[in-house]
Amino acid sequence: MVQSFDEYCGHSPIWDSNLLLNSSYPHFTECFQNTLLVWIPCAIVWLAVPFYINFGVYGNGSSLPVSCLSVSKTFCSLLLFVLTCVDLLYSNKTKTQGLNDFTAFYVAGSVKASTFLLVAFMLQLERRKGLGTSGVMFTFWFLMSLASIIPFYTRIKEQQTGDGFRFPLFCAYFALILIELVLTSFVEKASTRGYEPIGKPECPEVTASFPSQLTFEWITSLIVKIYRSGITNDDIWQLHPRDQSDTFIPGMRREWDKEVERWRQKQTKKAERLHEETSFISSERQPLLASSASNSYKYESNSINSTTSGDSKDRKEGGKAEEKTKSKGGPSLLKVIVKCFGGAMLKGWACKLIYDGLQFVSPMILNLLIGYVQTKDSLVWKGYVFAAALFVVAMTQSVFFHQNWAHRHDCRNEDQVGPYLLQSINKALTMTSDARTKSTVGEIVNLMSVDCQRLQDITGYLWMLWSAPLQIVLAMVLLWNTLGPSVLAGLGVLVLLIPVNAVIAAKTRKYQVEQMKLKDARIKLMNEVLNGIKVLKLYAWEESFERKVREVRAKELNVTKKAAYLGAVSTFFWSSAPFLVTLATFATYILIDSNNQLDAQKAFVSLSLFNILRFPINLLPMVISYVVMGNVSIGRIGRFLQNEDLDPNNVQRPDISDHALSIENGTFTWSKTAKPVLNDINLEISDGKLVAVVGQVGAGKSSLISAFLGEMEKRAGRVVVKGRVAYVPQQAWIQNATVRDNILFGTEVDQNKYQQVIEACALEPDLEILPGGDLTEIGEKGINLSGGQKQRVSLARAVYNNADVYLLDDPLSAVDSHVGKHIFNKVVGPKGLLRNKTRILVTHGVHWLPLVDTIVVIIDGKISEQGSYETLVSRDGAFAQFLKQYLTQENDEDEEDPEVQRIKSKILERIDSVTSGTDATGKSEDDEVVTALRNRIKSPAKPPLARSISSIETVTGKGQWKDAKDQKQKDKLIEAEKAETGKVSWKVYLKYLSAIGACYSVIILGAFILYQVASNGSNIWLSVWTDDKYLQNRTNVNETEYRDKNYMYLGVYGAFGVGQAFLVLAYAIFAAMRMINAAGVMHNAMLSNILKLPMVFFDTTPLGRVVNRFSQDIDTIDNALPMTMRQLLNLFVSLISTMVVITYSNPITAAVLVPILIVYYVFQRFYIPTSRQLKRIESTTRSPVYSHFGESIAGASTIRGYGFQQRFVQESKDRVDKNMVFYFAGIASNRWLGFRLEFLGNLIVFAAAIFAVVTPDNTGGLVGLSVAYALQVTGTLNFLVRTTSDVETNVVSVERVREYTEEPTEAEWRVENKRPPANWPDRGNVRFNNYTTRYREGLDLVLKGISCDIVGGERVGIVGRTGAGKSSLTVALFRLIEAASGSIVIDSHRISDMGLHDLRSKLTILPQDPVLFSGTLRMNLDPFDEYSDDKIWTALEHAHLKTFVSGLDDGLLHECGEGGQNLSVGQRQLVCLARTLLRKTKILVLDEATSAVDMETDDLIQKTIREEFKGCTILTIAHRLNTILDYDKILVLDQGLIKEFDTPQNLLADSSTVFYGMAKSANLI
């Protein structure tokens, strides 16, 4: 027979309010104690059983050792099982006495017994699977402890203590429950079995107990350490495995690939549907349809993409359509993020949901408390229970609030890293060349820093999208219960604000998109400025480019200002909204019915609810702003991810093939919309062969190498590469690492092989000169190596890599003939280290052609001839004509090596024998050329322009490894980024406030304080209103005075609201205006100072570090810092006003407030050093991420050539993980403080409630006022902690910007009273007077007492071995390095007296590296607009560029692209020559001007210089001695000293001179 619930409980109700509320103590029914108090805790365990089963089956943790803790917990559980069973048996025996004679009691006992037994089993399962702590267990024992309190005091109150058996049994039971709770609060540790862990310790959160995780106690040790002794990069633990890149990046990549595939299938179906719908259209429309259908997603294979055909116009239209498609839609990054991190989000959201629910419990308890005070209830325990309930609810809220933040930040950690790794490094290493033109380095770095940060921000606040509406709905429901339909008036105010909010959101989005575009443009320009800073200084162009950056910045700030004003209006509406809602509701309540009385309960419960409502309403503008910014950033990241990848099928890589390299019917282009660069390529190269590729400039030689690497779009054909590849690019890519690391390139060390490679690549003399040998650190882009050294390090990297196929793109162009011969013989040639490897050598050195196996001749993108040297020469075809033309035009070429001259002489004779070059007399027309070539050594004819290392000296024996530790310490070039220690100086805050303006700062502060006074005044007025005795007397309702008093109170209340509205509007506008102005001032100050810094700063500072200041730090000052500063001001003033109001309401509360605030201050002071230092280190560890990222992008083709993409991706992951461990520690320390300070805030709530209970004659209005304000304290303290930390965190950006603003600068650009004459220098005389200099303080002198006179118009060759001081002498002329002593005098003016721009603008240099900037061709030639178009065209004509520029669509307005990437290297060098011709000063310095160009370009440059700079003083750094034999003077340097300075004839006449020895070793005499 089914038993009823009433019978089940022994006819006891499960809940009896009358019994509970009208007893002398909180009396719960027996049924309640034996059902809900048992079922709820035990249900926690039983609901976890499926998860434990899954954990037991699939868990793979290592077993924990049997410990005292484990045994104790299991033993106590089993003992509880026994005690429960004994209690059941004893009760069954004594039930005839009427005790516990009902079913619920036995069921409860059985449930508890089985649960205790299950817990014992679970504890052992946890131990076997390596789980040291359990949230399920702790929650169970915690709830059991709370549930046991009620029956414990009930037994005492009901005098059941006389039972000599059951009461002691229950006491033992209760004690064991508490013991279990204590035991569960500790964590079981894994045994190290006597071994100490190697490396960094694991994250303490991993081994923290569940209570420690709830309270963040696990990070206390770190906080104490930082407070006592600070912290460095190496002092912190490893990143939590949960947050490591390798944990979640693979999953994210899989989800992204699935999303891409889904999108592709959708696009394919759409194209098929479109094709079916339009199948009836005439054949004229078919190409258009085909084009539409072929606009498939970027990841489709080349075979699909290659089906699109048509002329150039069709391709352009197709490209535009593709861009349109890409902008409209594509794979959803947001979906991927949700799939990957949705679980972590849901955990946080679940905590937030509970927190939101608990928020509304406090006003209901407040309602009961006010009612208790007003009715003077005799049951005192109620007041204390209400006070305790407020404290318990507040503490529970704190736990869930901070867990919500912890889970959200876990998700934010991953979101910050995931997109970076997925879309930045991975994408950058796989993008096509065409995609690279659309996403420059600066734009990608901006994407990585700013957009990923914004994506992180939106992830942290995404919960507000559902939490804010939920809170508003719940608040409105409770307000309806309190005030009835009057709440609709307040709801109406909120509804009216919705369209306002919609308009503001739409406008904000528009401004955000525009702002990000301008930010991209600024970072792109800044990146180029920093990359070309040496050229800017040499040409004195800093001011021009500073103006350009400032112009972009001004536009960016203008848009930011518009958005800020919009934000100020939004702040006005949303700050006024809570009060307007309150006012509308109260006014409606009073006016609709004269019987409605606004008493303390209604007023302050409503006020508490309105205060809760204030948070979501106030936060909505910020969340909307974050959502808009995040949406823009997700769109930008999504578009970046849609950039096209290189097709891995471009090159087939079989293990077995008939040929090492082959191309069959190949047609290649650099982009799908461009014309083919290589056409009808058919080439087969056998294993072990040496193949030379020759051709004119722009013929397609480098493109052929790129085709083998898979770098080009393959329109048609088949490419096969067998084996591993090593690639040496034309422009060497060098990492910011030691020479040794650059050569090893991540491979294993083999000392013997390493030494062989060093010797073969002619690096031994260089390593002897470099201060740290092969452990000398190379700066960014090889800044401290010459062009020849960089190229040979790049070659050594390839040789050491021991690949099967070597692709050598003109590696010998940057070295002189001796070194070139050495490298060819020792490395590339038939007897070199690579003799058994397959080699493709692009070369302009025709003298090596007889020594190669096969020659491939390329003309206009087609292979015109291929075959052996003899075969091609015998044909008298294009190759023979090319050789003849080249050797004939090379009459003035400068090769000092006699062997090379003999080879060339034989080549020309051989050519003459097979070409039709004889006249009627039979005499060859090239006899004079042959004679001249043979006699070249005796009659050198032109100045040298190509620089490389001095002639190679054979070194026998093997070098020794140097002591890495000592050398790395001694020869560190790139200094670690400086991280300030201690608290942020007040000077930093004053710097920011001074940028805002002192007067405006006072106005902003004053307006907000007045706003807060008005806000507090309105609430105090409400307290007076509700306590008015006349209004409380219900008999006065119909009196006129009653109505007038209500209207008076309402009117004054409304006046307070109007004052608040206007004050907050004034505050918001002034704050927005001045803080944006401050951001502009700080950016411009840093920019101005950066451009004035000496070159040594840029030599020792990674550019990524500087770019980080202009991107991440400036973005923080633009957006994050103003927002957090306003929040800090809001919260701080609110806290002070809250304390004042609480003290006003109940003065005795001050006795508790003072010590609590002291403890609060101590906590803050204890915590702030931790937060500050962690943020500083987090900032400094972020810069290497950007530096490595930029370096990887620059060397993407080299990295892909070697197939090392994964290694570089892993390196990036490691750097990001290192950065994230500090970010994570900062978040955890923030929560640590927040939890403790909320505990203090909850104590204030408890104190306010207790004093409200114990204070006699308290009014309901004062109680409501004090407790309502106290309830705000917890939230205010909570956000004050976070905001204080955020301000300190963000103000670090001001500190970092200030650091670069105050770096020591160069000398003044202009010294007004010491400016040289306008025509200076008019003669070109240069005098060195005992001149000494060093590169930076602490280093040895590089020039040691130089004294010499150079007469105007003389040509002076500067020679000497590497490290002699040749380049130092030339840069000293431009004062890139300053004198340590002595002076340089040019035409009677000491250069140290005049301004740098006055000096540098009067000198001209043609540097080695051709640096161009994004912008028009005209801007690159004349950034100051000093010259007319006619003069520019004349300069272009003399630079042999007029024909090329005239053929461009835009002529002088042609956009050069980032770094001039759409011009060839030769064309860039000619543009630099045109710059030089425009300046045409009396003194010209040539420093490695043509080392990176081919010989034809070299000839053009040499010819122009001889003609256009006749009569000028020319200083030339020379390594090819025969090129300066016809110079007026030779300056021989050695170790910073002048060894000789005389005419070449005099020096050669004396066999004891150094120059004579150099000429003899070069076989010139």
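A Cβ is built for glycine as well, from the same backbone N, Cα and C atoms used for every other residue.
Automatic prediction, not curation, is the source of TrEMBL annotations.
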Transmembrane segment per TrEMBL sits at which of 70-90, 1120-1140? 70-90
Average pLDDT across the domain 'ABC transporter' (1326-1560), rounded to a whole number: 83
Top stretch among 350-629, 1002-1289, 1326-1560 for CB pairs under 8 A with the domain 'ABC transporter' (661-885)? 1002-1289
At a Cβ cut-off of 8 Å, and with pairs 6 or more apart in sequence only, do we get at least 3 pairs between the transmembrane segment (1262-1281) and the transmembrane segment (1047-1070), yes or no? no
Under an 8 Å Cβ to Cβ limit, what residues of the same chain, 6 or more beyond the ends of the transmembrane segment (992-1014), are close to it? 1056-1057, 1059-1060, 1063-1064, 1066-1067, 1070-1071, 1074-1075, 1077-1079, 1081-1082, 1121, 1129-1130, 1133-1134, 1137, 1291, 1294
Give the one range among 102-123, 165-187, 612-632 whose Cβ atoms make the most pairs under 8 Å with those of the transmembrane segment (135-153). 165-187
For the transmembrane segment (102-123), which stretch among 70-90, 165-187, 461-480, 563-592, 612-632 has the most Cβ pairs under 8 A? 70-90
Residue numbers, six or more beyond the limits of the transmembrane segment (612-632), whose CB comes under 8 Å of its CB atoms: 359-360, 363, 454-455, 457-459, 461-462, 464-465, 467-469, 471-472, 475, 494, 501, 504-505, 508-509, 512-513, 516, 567, 570-571, 574-575, 577-578, 581, 1123, 1275
Mind checking which residues of the chain, 6+ beyond the ends of the transmembrane segment (70-90), have their Cβ under 8 Å from one of its Cβ atoms? 64, 106, 109-110, 112-113, 116-117, 119-120, 123-124, 127, 165-166, 169-170, 172-173, 176-177, 179-180, 183-184, 188
Which bits of the chain, at least 6 residues beyond where the transmembrane segment (353-373) starts or stops, bring a Cβ under 8 A of a Cβ in it? 382-383, 386-387, 389-390, 393-394, 396-397, 400-401, 404, 467, 470-471, 474-475, 478, 482, 600-601, 604-605, 608-609, 612, 1249, 1252-1253, 1258-1260, 1263-1264, 1267-1268, 1271
